[in-house]
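> From TrEMBL, for reference:
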BINDING   ALA22, GLY23, ALA24, GLY25, SER26, GLY27, LYS28, THR29  ATP binding site
DOMAIN    1-490  domain 'UvrD-like helicase ATP-binding'
DOMAIN    518-809  domain 'UvrD-like helicase C-terminal'
REGION    980-999  region 'Disordered'
Amino acid sequence: MAERNPQLDVIETLDCPVIVQAGAGSGKTHTLTERIVYALTPRDGREAFARSVKNVVAITFTNKGAEEIKSRLRYKLEAAGLHDEALLVDDAFITTIHGFAGRILLENALAFGLNPRFKLINETEEEVVFKRAFDKALSNVLSGADIVENLMSNAQFLQGFSDAGDFPSDDLPFDLTDKHELEIKINNDFKKALTSMIASELGSQIVGALFEDGLLNDDFLKNDLVEVVQQIVQTASQIPNGDFSKAFVGTFMSPVEIVGKLCRIVVDAQTSISLDMTKSRDASLSDALEDYLEKLHQFLNETHTDSTRSDDFKVVLDLFEEVPKITPKFHINGSDRDAVETYACEVCKLALELYCSANEETTTFVARLSKKTFEFMQEELGDDKLTLNDVLRICYESLSGNEEIAEHYREKFDLIMIDEFQDTDNLQLELIGLVAKDNFKNVCTVGDVQQSIYRFRGADVNVFRNYKEHLSSLDCGLIVFNLPNNYRSHSDILALTDIIFPQENMFGDEFLHLNPRGKINDVDDPVFKEFPRVKIGVLSYNHNAKDISERFTSQEALAQQAKEAALHFRELADAGVSPGKMAVLLGSISTKSAEIGQAYQQALTEVGLESVITGGSTFGKCNEALVVEALISFARNLFDSEALAFILRNDFFNISDDALLVLASQFSAETGDFERKTDLSKGFTRIDEVRLKHLSEQDAQSVKFASEVLMSYLDNVRRWGLRLAIREFLTVTGTLDSLSKLGPEGQVVAGNYEKALAIIADLEKETRELFLIHEEYKGFLQNSKESPGILSTSDSQFIQIMTVHASKGLEFDHVVCAVLSDGLLVGQKSPEMKPICDYTSLDMMDRQLLISFPKKWGKKSHVGEMMDSFKPFEQKLLSHQSMTAGELRRNLVYREKHESLDEAKRLLYVALTRAVKSVYLQVKIDGKVDDGYQGKGLWEYLYETFKWDVKSISSREAIELPNGNKGILEYEHMPEALNLEDEEEDEEELSESSEDESLNEDDYVIYPVRDYPKPLNTIYAPLKDESFFSYSSIEKFKHHEYLMESPKKIELQEDDIDGHKLDRVDGDKATEFGTKLHGALEYSVINGARPENIDEVSDARLNAALSNVLESSIFNSVLECDQVSPELEFCVPFEAEGGKRWLRGAMDLVGFDGKKAHIIDYKSGVNPIDHESQAKVYSWVLLTAGYEHIEVDFLHAEVTDDAGDDCFVQHFSFDAADASNLKREIELAL
């Protein structure tokens, strides 16, 4: 008997609440469509379950999904003979949740008190409104005006004035009985006076608190504060009848309470930790605890009041920095190990209370600022604009307050279906609950908890789980169906998911096994007789290895995996697979998505494969979007030289820099040449024969053409409007024609132009004012997170690169899953110290607005180190309404960390199940490999499953798949695996060469891994020797001061010191030793390893000095820069009163990060002297080359610092503002 398709059970079950758990590729869109047709079809002489398609609701995640269901439904209804219903499909409630809520509001606008012409604004427009509201709110709150408004709105003294019996009113300028005049007087004079008074008192306190917390700096105002307020406003806007005053922040502790608790923790530690006073470490801890307890008692014995609270917190914060520190290694095997851990954990927990309570004023300020921002947003929006959250919230509030209308919709909707239910939230579910029949009996939800990946948009997978649990507890006839049949992926790919996700540390019992039912399993594909369909590539590296030869940066790891992915696709292409069937799916949704995508794109180009980035990068930053913005700006103002220059420098006109220089210069009748600068726009709009004579024939032709085209463009804007004028401009310049010949790259560019024109078309529907269009377009570019446009066809022969999120709902024959998240929130994403705002429920607490905003603490402080070691956030605790602020903090961080890790698992699942024929999973792990990857999040779980050989440098193992086939797992540890590859290639080359051939040192060439900066040389003609000078010609006339009276020398054996002159003033002279040291360090930087030809005995001094530098923290920090030059030569012009001379020299090591440069100069010898002049010369050279901030460190290789841990360093720092003074000092020294 044939197996019944579980889809049929879903389709035919209509009269009870239904939950469908639909696996990836299970055909849920088909199921939803067929269910609607089934509900509309009369059967067995009975009427149809649904009266009409107009009585059906189908909620989809995207507009595209809604259109797809409509299209399929229209076809199916026609095929079923339901022609009248097919004509009504466009009027059905088949839409997104926001479209659904918007339609209900529109249909009942007057009843709900709304403007019937309201407009739903997009995220970009909302961003602009928010920023305006935030600016107003910040000014309002800092002035104290918001408090005045609260006082005024709650004022009950008006009646007091009126009822005053013997109040001396003769001198008042108004009649107390005139309430209206009294209110006007208050709103004008009294309000101003009260605002001024509060601003002077409270405003100074606010500003003081903000300065103390370091909030009033540019970075915080531009980023953190704005982001925090926006998060709170966004969250609060989802709360029905939301009230900011009811936000839960936990209870704050006083400084005295905190210190009292800390005393008890210290006393408990003294009694519970057994200390052996004969051991120095134990004795030191005992003394430290006793001294610390005395300081705590001293604080408690002082007087503390509300007026001293702020100062008290400062004292307590300092006290916590002095807390006696214990590491996990302390008494690691002792019987009191639990007592040690208890002490450390209790200190960490109390520190959290301190950081939250000490930030109470800032938390209050941020809450006030958020409240005012929300209010000003509503003013900005007016009554004719609604945000996406407003639509849902107002629809819920309106239906809740109007039972008659809510009942109308409950009677109207026979069938409600919600797709992608795993990506919904509480407000959306509550809204559906208002229009659904009792106990959701006419509601069918379709989703898969394994595919919930939109937490960053507010989706909450717990809504799915809680909804299922709630209905299961009711006697409502709930039926739960599973759709486990997968019609997309090959069984090998599904078998891989069967290995990974049923594990207890992954999905466990919640995992839905998928049955391979797709036609792909019936096809014998010759490509995979040679290749495995499933491949895992694990790349392990350590960017912070102690030995620099073992270091491998994350950028190098990314480049290596991109190269391996490109070679993988190259093999498939050579086997006959079309590149158009391939995709790279990136797990990252950070600001680096585009940069990561470009790394893969470059690697694919290098193996001859074309690709396009179709999702994950930002449209607003692409050149085409910016060109259109410049064209709009030029149309507004033809004297906008910046916009004009941007247009002329693009590829529309072949105009040279010389031509632009002439256009931007003023003609001098005296010299007969163009000398003085003028605006480019003025020169361009006044092109005459004089200017044209100074141009080459080609430039003259190009300038004339550009002038004609742009003047015609301005005329077209006036006649046709922006969109048509820009399209004509792109046509006349030949841009659109040339793009059609450029293949994939041209399609991306053309797609971006089309996207920009579509945006303008939408804007022109609202207004024809260039100013408004320009401002809206600029706002869109600044705030939009949309992907670039692309014009693609079914036969496109390029590989697509996109994020996993962008791939949702798509499928590709061959997939590389790359740069996936490990699920750990670290660095800037770490939730320990960042503000958290959420609208949710915790345990027994009702859903409410939760805000936690602690002070930041240093990771290297005592408390910070203890938190890293003992992890107070790892323990889940019970939530309750009387929680302290610290307990709330721990709860929220615990949940965020676990939800982030859970979502990383789901992201991996979604990425793998996009593949149809083959999948290549790339795993990139930074850190030690000998600990089972403990603490590495998702990678720890994958290692527990596959157990690759971490002791090998490179390995290749078979994966036994449950379906009997095999996959491949390749492991490599970098950079050793690269060296191993090089050795194997060398062996192959040697075996192929004849036996009598020999190789000498000249046959070897070192290829730098990095893209080193070019020397700063700008010499154009032969010069005499006297034209040059260097820093040494300045320093030789200076008296050098010793920097240390008794320097600490690096340790050498006495026998090794013989013959070495260690009493030199400095090692800067070109001695044999100095030359050797510089050469060895240059070799180490280029090759990432020490030179092998240094003899340990005869070169002991060199070995010791080399180790001192290679282990230096400053030296290694420079190696982490974006660009590194191990020997940067320079020869730059120096204009002085005596004429032009040339300053030349070489810097030992320079690291570049954007506009910042970090110079290191190696010094030998044991008596360090001052090198200020050299630092100034080097800094001036790089400042004149365009860098804006220079750090200079002189590393003394044979002298250690006071602690004996690092090189002795002399440090200097200069900025762009110092350039003129530096030049003046160099001139005076010449």
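Placement of Cβ uses the backbone N, Cα and C atoms for every residue, glycine included.
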> Sequence gap of 6 or more, Cβ distance under 8 Å: name the residues on the same chain that satisfy this around GLY25 (ATP binding site), in order along the sequence.
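Once residues fewer than 6 apart are set aside, GLY25 (ATP binding site) is near ASN486, TYR487, ARG488, SER489, LEU514, GLY518, GLU811, THR913.
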> Among the binding-site residues listed here (GLY23, GLY27), identify the one with the smallest other-Cβ count within 10 Å.
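Each of the binding-site residues GLY23, GLY27 was scored; lowest Cβ tally within 10 Å is GLY27.
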> Note down the number of other Cβ atoms within 10 Å of the Cβ of THR29 (ATP binding site), including every protein chain shown.
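For THR29 (ATP binding site), the count of other Cβ atoms within 10 Å is 17.
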> When you measure from the Cβ of ALA22 (ATP binding site), how many other Cβ atoms are you left with inside 10 Å?
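Taking every protein chain into account, the count is 28.
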> Looking at the domain 'UvrD-like helicase C-terminal' (518-809) alone, can you tell me the average pLDDT?
81
> Note the Cβ centroid of ALA22, GLY23, ALA24, GLY25, SER26, GLY27, LYS28, THR29, the recorded ATP site, then list each other residue of that chain whose Cβ lies within 8 Å of it, in sequence.
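Apart from the listed residues, the neighbours are THR31, ASP448, LEU483, ASN486, TYR487.
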> Here the binding-site residues are ALA24, SER26, LYS28; which one has the lowest number of other Cβ atoms no more than 10 Å from its Cβ?
LYS28
> Per DSSP, GLY25 (ATP binding site) is which: helix, strand or coil?
coil
